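K.L.:
Have a look at this one.
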């Protein structure tokens, strides 16, 4: 697969919801939003219009390589087809409600999705630029150290609202690229929400990210992060191959039960077994998973707990990211001191684990890990909590 940088360039001359999800916001018009369709679905849509499949590929190239949303600008499409598309389809990405820029180059966009907002973050680092994308309006998992979880949960994002975050960011960056802002090289599903609780919209969106007629990223440059929805993780491995990161954050079940409540349903042993099953199917991970571990002062950061973590992960090929905790109002935790983080890291490295202390980015604009909040109307949190407590979570394929 060829790979391109995600930025708008100037040319030379609808998925079903998972059973557990509440209703996704309805389209504003009766037209088909082409951002909701991956390439297979686009070709089927064009076939229904009596058009050849390659016409769908042409339109996708204009949509994603150049970030065009006006059919009239697609000059290699005949006028008759352009007129037909104007009648039955549209390219409608979510709009930016607010932009904030950090002193370190990080950019946070508040993205309008219906009557609410999610947040998307652009993070430049060396020769890379990573876009952190949201998958849900809010989150139902209630991780105690995460600002998003404190907002409650409203709904899943549609495909167009997920890939639309990438489209909008690429268009903005393309418009200002002369100022030296780097094109997007990586996308991480680490924004608001649990991606595995929205598989039927997240998977087609990631498919578009990696499609040659989409954004053309390699599968190693698209990462999904999960807190441990085990049935959906098993399903993911049968649907798509992307890099995997796991939000572990504790070496033992007693601590993880408290700070990552889904652990009460799928404990660490069960979660890591599912991770190993995914790695056995995947070519995107280089044989190992990224373990994310937020450092909470005197909660999960002792030397003893570092030894416990090493023992916990001994059978799971991985690299470990230690993440300084980023505070938010009302949170019951403190950030681990540099000395405690250093000691923790050294223990892990003595066991042979590749261990990185993640640099905090965008904390001056509340864009750092765990700080994303957006604007969420919590309508369904209690229902989802009840399901997670006792009922199996049903997952449908696309």
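Each residue, glycine too, has its Cβ placed from N, Cα and C.
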K.L.:
Given that Swiss-Prot annotates 193, 194, 247, 248, 249, 326 as S-adenosyl-L-methionine-binding, name the residue from 225, 339, 345 that shares the site.
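P.N.:
Swiss-Prot lists 193, 194, 247, 248, 249, 326 binding S-adenosyl-L-methionine, and from 225, 339, 345 it also lists 225.
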K.L.:
For residue 326 (S-adenosyl-L-methionine binding site), which of the listed recorded positions (132, 139, 143) have their CA atom within 10 A of its CA?
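P.N.:
Taking 132, 139, 143 one by one, none has a Cα falling within 10 Å of residue 326 (S-adenosyl-L-methionine binding site).
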K.L.:
Filter the recorded positions 132, 139, 143, 146 down to those whose C-alpha lies within 10 angstroms of the C-alpha of residue 194 (S-adenosyl-L-methionine binding site); answer none if the list is empty.
P.N.:
139
K.L.:
Given the recorded positions 132, 193, 247, 248, tell me which ones have a C-alpha lying within 10 Å of the C-alpha of residue 139 ([4Fe-4S] cluster binding site).
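P.N.:
Qualifying among 132, 193, 247, 248: 193.
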K.L.:
Fewest other C-beta atoms within 10 angstroms of its own C-beta: which of the binding-site residues 139, 143, 146, 248 fits that?
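P.N.:
Candidates: the binding-site residues 139, 143, 146, 248. Fewest Cβ atoms within 10 Å: 143.
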K.L.:
Cβ-Cβ under 8 Å from residue 247 (S-adenosyl-L-methionine binding site), same chain, 6 or more residues apart: which ones?
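P.N.:
Spatial neighbours, sequence-distant, of residue 247 (S-adenosyl-L-methionine binding site): 143, 225, 226, 227, 228, 260, 292.
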K.L.:
Could you round the CA separation between residue 249 (S-adenosyl-L-methionine binding site) and residue 146 ([4Fe-4S] cluster binding site) to a whole angstrom and send it over?
P.N.:
12
K.L.:
Rank aside, I only need the closest one: which of the binding-site residues 146, 193, 248 has its C-alpha nearest to that of residue 132 (disulfide bond)?
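P.N.:
Ranked by Cα distance from residue 132 (disulfide bond), first place goes to 193.
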